[in-house]
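In what follows, a single structure is set out as structure tokens and then discussed.
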Amino acid sequence: MKLTLVFCGLLCAVTAIPGTPSTDPSAYDLRYRIPTGCDPTTNCTYFVGLEVNANDSSYLDVFLTAPVAGWVAVGFSPTPSMPDSDVFGCIVRDSEVEAIDTYNVPTGANNNRLDPEQGDIVFSNGTLENGRITCTFSRLIAGDQSPSVDRNLNNSWFLLSGFNINGRTADDVGFSVHRFTTGVDLPRALATEMVNPVMAEGELPLMMAQTECPTNVPPPVIDPQDYRLRRRDPAGCDPQDCDYFMGINNNTNPEYLDFYMTADIGGWVAVGFSPSANMFDADVVGCNVDSTNGDVAVVDTSNPATGRANNLDITQDVCRHSSSFVNGRITCIFSRKVVGTDAIPMDRPLDTDYYFLFGVGRSGGGSGSFPNHQPLIPPVSDGQFNPSTDSGDIGVSRLRQQLLQAHGILMLIAWPLLAFTAIFFAAWMKQALPNGEWFQVHRAFHIAALFVAVIGFILAFVANMGNDGLITLGSNNKSGTTHFVLGIVIMALQIANPIISIFRCKPTGDYRWIFNIIHGFIIGLGVELLAYVNIGIGVSIFSETQSNFGDLTIFWVYLAFAIFGVILNTGLLLFFTSEAVLKGEEGTKLAPAVMKPLFNQVYGSGDSSPPQGVELKAPGEPEKPTGPPPRKPPSKDAPIRWMALGLFLGIMVPLILAVIIMIAATGSLDG
């Protein structure tokens, strides 16, 4: 339908003014914003929305906004550069906002020119409030000038963004040079690919133009060993063999610092500077591999005050000397301004003491921001350092990682080992240990599991004490948020279940079956299953972000444990249920614990003998001396139950111990 309207509109003569463009930026079909995920009405550094006019499909509606009082524009070019492009936008003149249609000539300085005719633009609305310019207008898709002046917008182009703090000073000039703050060039932000603004829909990904270092920033030393301040992992490694290496040196231009970074990974390598020992409010620079072509870009980014998002800075105060991605290793040499252009925390002055944050990732973002950091690198320096003056090798603090490792190990001990054993004895070993021994094991292991789980639960909070809100939650950390919420629920139910058992009725009580269902099935089994899922989430997070063993290796071992546990318990459930069904009323005593309430409702208790310790006697018969009740013999299927326990101990326990050992071994490299 959209294609038909556009085709029809382009064939028809323009005889009417198009409909009013929407003032809702989210309503536009094609959107492009800096930084990613920003709100156009409040905190976007740049936003453009494009869509075909609803009333006249020969026009393209445009929504533009930027936090400047000069001009904001969008360009359309056959190449990812400004020359030879069609540019239109909004500009402030005499405190009023107006829309203009311009173009860039192929060569020359100050190459933006007004179109000879401005009739292609139909202005709708413009405001300048609190230093932010916002405007909407419609532009004729085909244009009425030559192709070098007006591009046909129903073709694919690179989109170019631009804005300036200064407005228009004369009627016969176009947009001035890009400036965000006085005297500072804004690196142009481009789309990562050519798009058809008439047909395309959705959010357009960002790409920052890669800036090579100017002549007044001389190339730094090439040998990484000669850099003044270094971080290497493992300690003492040769930079080209290190899993991670960062070197900082002073450039001969005192306004810049030189960086040498390399990592044995295929995504990105970065270093952050923060006043605290966590990732928030950090200034982050590094190198990012474009997975489509192997190019390595140098990018200047920052972490916000909350959440895990990493965003491109408004101004890219980095310039690249050289970069490569060879045999799976990123290497880049670049310079960064000591005093950046953007406000703190986007750019922190690098002549001050900071904690250093070290990160790598397997998934590159090209010339975009850094995705979540991944394995091996302990993230925080063991103290604060001054990037401009300090020298030597930087050590790291492993306390947070060690606390999280301890948390994971304790939870693996508490649930797959202790709690699983307790539940296994309650579910399958009653008939093999009919004189109460199963209950002693069940109770002892559950008490131990609760004690260990509480310690592990507390350690998770202690490890995250440096984070805002203790645990980092939100849409940028969905797996972590899920793990945290499930952990709270599981811990609460694990504490509640033994309290419920204190108030249970007697084994012969009429309502004992209700307690059995709540204690053993709804809470007991339910919490166990939730715990296995949550531990799986935790192991997955750990495998991706901390593990020395590679992507998800630990998780796959844990998954093998979980799958075997499901197979073992399902097999036992089916076998003993079928055995009980075949024996009818007599089989009630042999039915699995989770099925026994159902069997009791169908057949009764299956036990017509008097309660244990009570003997029937005739009226008037004297009391006989009492003694301990006779011991019950194990059921005939006891060997099968012991064999199942042997499978648990012989297969599942070694698997979970392997997971524990791998987690404990993580981070054992010297710091």
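Each position is counted from 1, following the chain as shown.
Quick reminder: no glycine exception, Cβ is built from N, Cα and C everywhere.
Taken from TrEMBL, the feature domain 'DOMON' covers 44-167 (among others). Looking at the domain 'DOMON' (44-167) alone, the prediction's average pLDDT is 85.
Sequence annotations record features per position, and here TrEMBL assigns domain 'DOMON' to 242-361 (among others). Shown for the domain 'DOMON' (242-361): DSSP residue counts in helix, strand and coil, namely 0 helix, 64 strand, 56 coil.
Annotation source TrEMBL lists domain 'Cytochrome b561' at 370-577.
If you look up TrEMBL, you'll see 606-636 marked as region 'Disordered'.
The annotation signal peptide is assigned in TrEMBL to 1-16.
Among the features that TrEMBL reports, transmembrane segment is placed at 408-429 (among others). Sequence-remote contacts of a segment are chain residues at least 6 beyond its ends whose Cβ falls under 8 Å from one of its Cβ atoms, and for the transmembrane segment (408-429) they are 438-439, 441-446, 448-450, 452-453, 455-456, 459, 520, 524-525, 528, 531-532, 535, 538-539, 542, 561, 565, 569, 572, 576, 592-594, 641, 644-645, 648, 652-653, 656, 659-660, 663-664.
According to TrEMBL, the transmembrane segment annotation covers 441-463 (among others).
According to TrEMBL, the transmembrane segment annotation covers 483-503 (among others).
Annotated transmembrane segment per TrEMBL: 515-542 (among others), in sequence order. Counting residues 6+ beyond its ends, the transmembrane segment (515-542) has Cβ neighbours under 8 Å at 404, 408, 411-412, 415-416, 419-420, 423, 426-427, 479-480, 482-483, 486-487, 489-490, 493-494, 496-497, 500-501, 504-505, 552, 554-555, 558-559, 562, 565, 593-594, 596-597, 659, 663, 666 in the same chain.
Feature annotation from TrEMBL assigns transmembrane segment to 554-576 (among others). Residues 416, 420, 427-428, 532, 535-536, 539-540, 542-543, 547, 590-592, 594-595, 637, 640, 644, 647-648, 651-652, 655-656, 658-659, 662-663 of the same chain lie 6 or more positions beyond the ends of the transmembrane segment (554-576) yet place their CB under 8 Å from a CB of it.
Annotated transmembrane segment per TrEMBL: 642-665 (among others), in sequence order. Long-range Cβ contacts of the transmembrane segment (642-665) within its own chain (Cβ-Cβ under 8 Å, at least 6 residues beyond either end) map to 405, 408-409, 412-413, 416-417, 420-421, 424, 428-429, 432, 539, 542, 547-549, 553-554, 557-558, 560-561, 564-565, 568, 572.
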